[in-house]
Amino acid sequence: MLHPRARTMLLLSLPAVAIGIASSLILIVVMKIASALQNLLWQRLPGTLGIAQDSPLWIIGVLTLTGIAVGLVIRFSQGHAGPDPACEPLIGAPVPPSALPGLIVALILGLAGGVSLGPEHPIMTVNIALAVAIGARLLPRVNRMEWTILASAGTIGALFGTPVAAALIFSQTLNGSSEVPLWDRLFAPLMAAAAGALTTGLFFHPHFSLPIAHYGQMEMTDILSGAIVAAIAIAAGMVAVWCLPRLHAMMNQMKNPVLVLGIGGFILGILGVIGGPVSLFKGLDEMQQMVANQAFSTSDYFLLAVIKLAALVVAAASGFRGGRIFPAVFVGVALGLMLHEHVPAVPAAITVSCAILGIVLVVTRDGWLSLFMAAVVVPNTTLLPLLCIVMLPAWLLLAGKPMMMVNRPKQQPPHDNV
């Protein structure tokens, strides 16, 4: 016979598994459609027209039209494609289901069009909204927060291909003063995260790790080097934090999302021309290309980091539907490679992992997620103690500092102005 605690944990197990599978399938379908549209826009269509896919006119044209298309979706779709991600945390309150079709279309257009944002925020919003809406009908006695936690855990597992990230994140959010043990509260979310991760693994494997030279033994000087690298990444990230609300306010003075996103897409196109095709899109595949290209110099890595960070700020400020974590990881990789090229005595494993830790910490203000991203991009167990130590001064630097989010004015409606 199972203990009553075990029976309590099992109550939400089946819904948790179902939510994890559904969260992954929604992500997979969206990414497959976006990939097909991306191939059409950036491979087949320019080839048919006899235009180079890295032609400045093509890059500017596609991104400008992408901005206009996303603006039209936000302007005319029911619910205006959900809330502006620049004003929302990664895990937020459920939105009305009527806003989801527009949000999905806006996300697919942005991913395919080369916008420097990832899928994490919109996918999270979609999955939370569906889980709350369907769960409230099927099991009305379960509160909305439980459905929100299960959906967000399933989505995190699906996004990263492992339940580890969900375990780390929810170990801090669910660790309250309740007498219920932490792992009792983590049981159902981890079931959802595991189901999401395993389902994603059936179709594709998220590839985060980079082919960076193995790091052997930690030295005391490496801790200082890592802390300096993280501080540099934090400084770069805080420039973006300062710019985002100001640019967002300036762009939204125009009130018309079609105009705002059209201009935003045009600016992204110019940045894409300067940075080249590797500076476009969400950044995960592109950072693999960046590491594989042995011809890049210190100045090239610096340019890519600056361009990607600027594109991230412009895309978020313009109202494109997307997340900021994946492009931030690209910025961290570019910064890390630049610093290694500048000071070869510091191993690339340290510069890249600590730069990722610093920039993701600025974007998410989540220590566990920052450690996780640094550890999966540069998978080396020798680095883990160093990263944990480097996290301490990095966290001190950011204590009390503003987050990479825009405070929504009180008079502004729940969704974008139209």
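Heads up, the Cβ atoms here are built off N, Cα and C, so glycines get one too.
As written in Swiss-Prot, here are the features:
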- 10-30: transmembrane segment (TRANSMEM)
- 54-74: transmembrane segment (TRANSMEM)
- 99-119: transmembrane segment (TRANSMEM)
- 120-140: transmembrane segment (TRANSMEM)
- 149-169: transmembrane segment (TRANSMEM)
- 186-206: transmembrane segment (TRANSMEM)
- 223-243: transmembrane segment (TRANSMEM)
- 258-278: transmembrane segment (TRANSMEM)
- 300-320: transmembrane segment (TRANSMEM)
- 322-342: transmembrane segment (TRANSMEM)
- 343-363: transmembrane segment (TRANSMEM)
- 371-391: transmembrane segment (TRANSMEM)
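The recorded stretches the transmembrane segment (371-391) and the transmembrane segment (300-320) do not share 3+ CB pairs below 8 A when only pairs 6 or more apart in sequence are counted, and are therefore not in contact.
Listed by sequence, the residues of this chain that lie at least six past the ends of the transmembrane segment (120-140) yet keep a Cβ under 8 A from its Cβ atoms are 15, 19, 22-23, 26-27, 30, 82-83, 85, 88, 90-92, 94-97, 99-100, 103-104, 106-107, 146-148, 150-152, 154-155, 158-159, 321-326. Same-chain residues lying 6+ beyond the ends of the transmembrane segment (99-119) with a Cβ under 8 Å from its Cβ atoms: 27, 30-31, 33-35, 37-38, 40-42, 59, 62-63, 65-67, 69-70, 73-74, 77-82, 85, 125-126, 129-130, 159, 265, 268, 272, 279-284, 308, 311-312, 314-316, 320-327, 415. Stretch with the most C-beta contacts under 8 angstroms to the transmembrane segment (322-342), considering only 54-74, 186-206, 223-243, 258-278: 223-243.
Counting Cβ pairs closer than 8 Å to the transmembrane segment (343-363), the top stretch among 10-30, 54-74, 186-206, 223-243, 300-320 is 223-243.
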